[in-house]
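Undergrad: Starting off with a structure, shown below.
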Amino acid sequence: MPVTEVGSLPELNNILERSDANRLIIIDFFANWCGPCRMISPIFEQFSAEYGNATFLKVNCDVARDIVQRYNISAMPTFIFLKNRQQVDMVRGANQQAIAEKIRQHYSPTPANPNAASDSEKRFLEQFVKCSNVPRSYQDEVFKALARSVMPEELVGRAMTEGPRDEKAILKDLLHWFKTQFFTWFDRPTCPKCTLKCSTDGLQGTPTREEQKEGGASRVEVYICDGCNTEMRFPRYNNPAKLLQTRTGRCGEWANCFGLLLAALNLESRFIYDTTDHVWNEVYLLAEQRWCHVDPCENTMDRPLLYTRGWGKTLGYCIGYGSDHVVDVTWRYIWDSKKLVTQRNEVRQPVFENFLSKLNSRQAEGQTEPRKRELAVRRVCELMEMMAQEAKNHKIGWEKIGDDLGGRITGSEEWRRERGELGESGPKLLAEPIKLAPPTGPAQNYLEFNYDVITDTYSQPPEIGFSAQAFELENVQRVEETDWNMTYLCRKRGDAPGNISWHFDLKSLKKSIEKIEIRMAGIQKFEKGKAMAIACLGDSCMRLPIDCSALTIEDPKNAEILKITATLSGGEGAIGFQQAQIFRTELKRGGGARTESFSVKIWMKN
């Protein structure tokens, strides 16, 4: 703990009153004109860094005369040792060894109160205080009106209806719109003068008065253009209303702005802060009487094991901040609660629980009695749900539960790799022929399989991610161009070609096939790029039309496996890898309707 200079007796009394009975307090009485005082000063600083559960103070004898008189100081330096507000020892002169011996004699590494935090624990716990104000701003009626004004009218109308509403459907559409049309991810800026993308990390800057007042910016990242030395600023705004204007940021800005949109649609939410550097939301589903995980960055919901099982993170503390409560929700997002207890070593558990209880009480000021009872019942149900879900997860198994959980998708690949959030090496593949879901309803002789590049989902499980149903995949990525409002699959950066294939198990259909119709949208070639898609059945192969029309295969005989392969190659220059694409589609599509970027339709004979 750094050395603190005390300037008056009331200030010293305040420190003594707040100190734990076991806490050692050492006061260095000095004068600026005293040579030995200057000599011992850096050593005193070293002691303060070494002994965390002690308070090191300095008193200038020419300034704080009231303190000097209390302790009858007549020579400098003099060191007074206090414990439980009483003087327990004293050292006169700049005697390093004597000071060290007295510290060791009286020092206690832990507080007398088992629930009182040590200095290192206090430093760790400080991070949880700053988030408590975030959800309170969501209750501002002006902010909520601003939020509704930027959202699609149709979505607002569905959410604000007086009758029953499908909260999950509203959430899903809100996530999709927010991710694909409204908010953008900030990695590094592009220079407004020479259009060169900055390749270096930002420097820490100081927010201007305007950035602090209008946007609540607590810090600023400053970037210098590699080409023309232009300075670019990225203020880290905390005001969600300001984020409605800027519409860019990283996970903190995403979750903060999204939290305001949720409040504007009368969806009760929490702001979830994770000590391993991620932020997301939770929404209380009234129809299901439970809290639901929602991550606007990833455009996903109700997948709480995404971070541990998908990204490969080791979570420690996930704290949920509502407008009137603060709770620990870590158990919802982990695989093994017993293991978590052994890994939490930053703060003792009783200290953490005591701290969180006080923080929750402060957040709950002004609660009505009915609201207190409501939250108490919810919390009991939530804890029971977490325990039941963990037991259910273990029955399913670690491998199987990760079938539709991949690595992080927001941010550059380099950035995600540095953070260790890519998940398992390479995307997860089905790596076996697709067994089409059996038909339902009156169309018993018709099967359909499709992929939507906008939502990056398939029509049957495993649904999430373009690789989830692929048989083979090499050097292919999904790209969202927010500036052009387009999304597609293309090669990864470099010269190597890209390939992706899907195999369909036709033998398992157990019926003769009348015809197969295959359609692949958005096959695009630019400059010298090459894009080709072929379908192979038995001993023959056919090219898929590039104009989005269907390839129809009539009355296939003895069909067992249908193989569809897309190959991407060619291109030149820095963006050559993007000059061959499949599924190229405009992002701006309202209403959350699915698009058929890729479809396979099969009619069977009666």
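Glycine residues also receive a Cβ, built from the backbone N, Cα and C atoms like all the rest.
Annotation source Swiss-Prot lists domain 'Thioredoxin' at 2-108, citing sequence analysis. Per Swiss-Prot, Zn(2+) binding site is recorded for CYS191, CYS194, CYS225, CYS228. Residues or ranges marked as active site, nucleophile by Swiss-Prot: CYS251. Residues annotated as active site in Swiss-Prot, with similarity to another entry given as evidence: HIS278, ASP295. Sequence annotations record features per position, and here Swiss-Prot assigns domain 'PAW' to 404-606.
Looking at the shown structure, can you explain where the listed features end up?
TA: All protein chains included, CYS194 (Zn(2+) binding site) registers 12 other Cβ atoms within 10 Å of its own Cβ.
On its own chain, CYS251 (active site, nucleophile) has HIS278, VAL279, TRP280, CYS297, THR410 as residues at least 6 apart in sequence with a Cβ closer than 8 Å to its own Cβ.
The 10 Å shell around the Cβ of HIS278 (active site) contains 22 further Cβ atoms across the protein chains shown.
In the three-state DSSP scheme, ASP295 (active site) is classed as strand. Long-range Cβ proximity for ASP295 (active site), meaning a same-chain Cβ under 8 A and a gap of 6 or more residues, is found for ALA255, TRP280, ASN281, MET301, ARG303, LEU306.
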Undergrad: With DSSP assignments reduced to helix, strand and coil, which class does CYS225 (Zn(2+) binding site) get?
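TA: Looking at the DSSP assignment, CYS225 (Zn(2+) binding site) belongs to neither helix nor strand, so coil.
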Undergrad: Pop the mean pLDDT for the domain 'PAW' (404-606) in here, whole number is fine.
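TA: The predicted confidence over the domain 'PAW' (404-606), as a mean pLDDT, is 86.
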Undergrad: Counting other CB atoms within 10 A of each CB, which of the binding-site residues CYS191, CYS225, CYS228 comes out lowest?
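TA: Counting other Cβ atoms within 10 Å of each of the binding-site residues CYS191, CYS225, CYS228, the minimum falls on CYS228.
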Undergrad: Per DSSP, what is the helix/strand/coil residue tally across the domain 'Thioredoxin' (2-108)?
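TA: Here the numbers are 43 helix, 29 strand, 35 coil.
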Undergrad: Quick check: with CYS191, CYS194, CYS225, CYS228 left out, which same-chain residues have Cβ atoms within 8 Å of the centroid of the Zn(2+) site Cβ atoms?
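TA: Leaving out the recorded residues gives PRO192, LYS193, THR195, LEU196, ASP226, GLY227, ASN229, THR230.
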Undergrad: Which state, by DSSP, holds CYS194 (Zn(2+) binding site): helix, strand or coil?
TA: coil
